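To start, the structure itself, in structure tokens.
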């Protein structure tokens, strides 16, 4: 049997750099059980350098090999890479574009699918095109007085809004607006995080999540899990990743009827297939009190920390993450 050299790439230098390192540790623990892979941990720094765990700066070349600063070390040929980078430049599709150019196989969604899902405005256009209901919204391209007036009008109609940087992940640059007078400041603040902003109607609803992934030639959608925030508050970046988070998670959402479960899974599969995702994603929904289903967002590289939902839902569905990972990699490298 062939053994393959695999780069586990993490970090990225963005707002989710440290979370990426935690997720990479989960990948590393799984890869340690798979004898067919030699794994090299690389951290992509904010300066754009590749750094080994020992702190050595290396180069990942267009020839798909690692070159070390110590020229006495032979180049290390790379067969495959796992870009475990949340946010920029991983989930944005940027680094996948480079891998495509140098023909380096990688784990996760492709560059276009990643970009389409990461930008909240583009994603909503796709959801609507696929016939998947989503939250009412408007988008802004500048923090002008006219734009702020449009948000105030939406606030008057909807009662409350979320103001979100259109191209950030994990609730970064997202602000709930409960008072009209807060809107100008929050709009300007959101524009500090991205060149476009999306404003959504606040939905009072349960937050359900579905793990969708490729497994042995089939696309699997789990039964929805649920996040219950403390005091029904906004699921912030801190609530998502702090080990002291007060949010409660259910690997399978309680008290959801089978018809609704089936509809949610159908929408999740429709989004995964229609947007040409691959390998894995976490697809998040709102479920309102009157049983209305709204697709909230798609995470093309979901967190894999000790409190993350994706690996828990996969295991609850009866699949082992290491086995899932191995078959995904070998399917690409060996055409299985």
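Placement of Cβ uses the backbone N, Cα and C atoms for every residue, glycine included.
According to Swiss-Prot, the domain 'ATP-grasp' annotation covers 124-330.
Applying an 8 A CB threshold to same-chain residues 6+ apart, the list for residue 154 (ATP binding site) reads 138, 161, 199, 201. Residue 154 (ATP binding site) carries a helical DSSP state (H, G or I). Look at Swiss-Prot and you will find 154-209 tagged as ATP binding site.
Annotated Mg(2+) 1 binding site per Swiss-Prot: 284, 297, in sequence order, evidence recorded as sequence analysis. Shown in sequence order, 207, 208, 209, 210, 295, 296, 297, 298, 299 are the residues of the chain, 6+ apart in sequence, with a C-beta less than 8 angstroms from the C-beta of residue 284 (Mg(2+) 1 binding site).
Under the heading Mg(2+) 2 binding site, Swiss-Prot lists 297, 299, citing sequence analysis as support. The 10 Å shell around the Cβ of residue 297 (Mg(2+) 1 binding site) contains 19 further Cβ atoms across the protein chains shown.
In sequence order, 173, 175 constitute the residues six or more apart from residue 189 (ATP binding site) in its chain with CB-CB distances below 8 Å. For the domain 'ATP-grasp' (124-330), the predicted model reports an average pLDDT of 93.
Neighbour counts were taken at the CB atom with a 10 A radius for the binding-site residues 161, 203; the maximum falls on 161.
Cβ environment of residue 168 (ATP binding site): 15, 87, 174, 193, 194 lie under 8 Å away, each six or more residues apart in the same chain.
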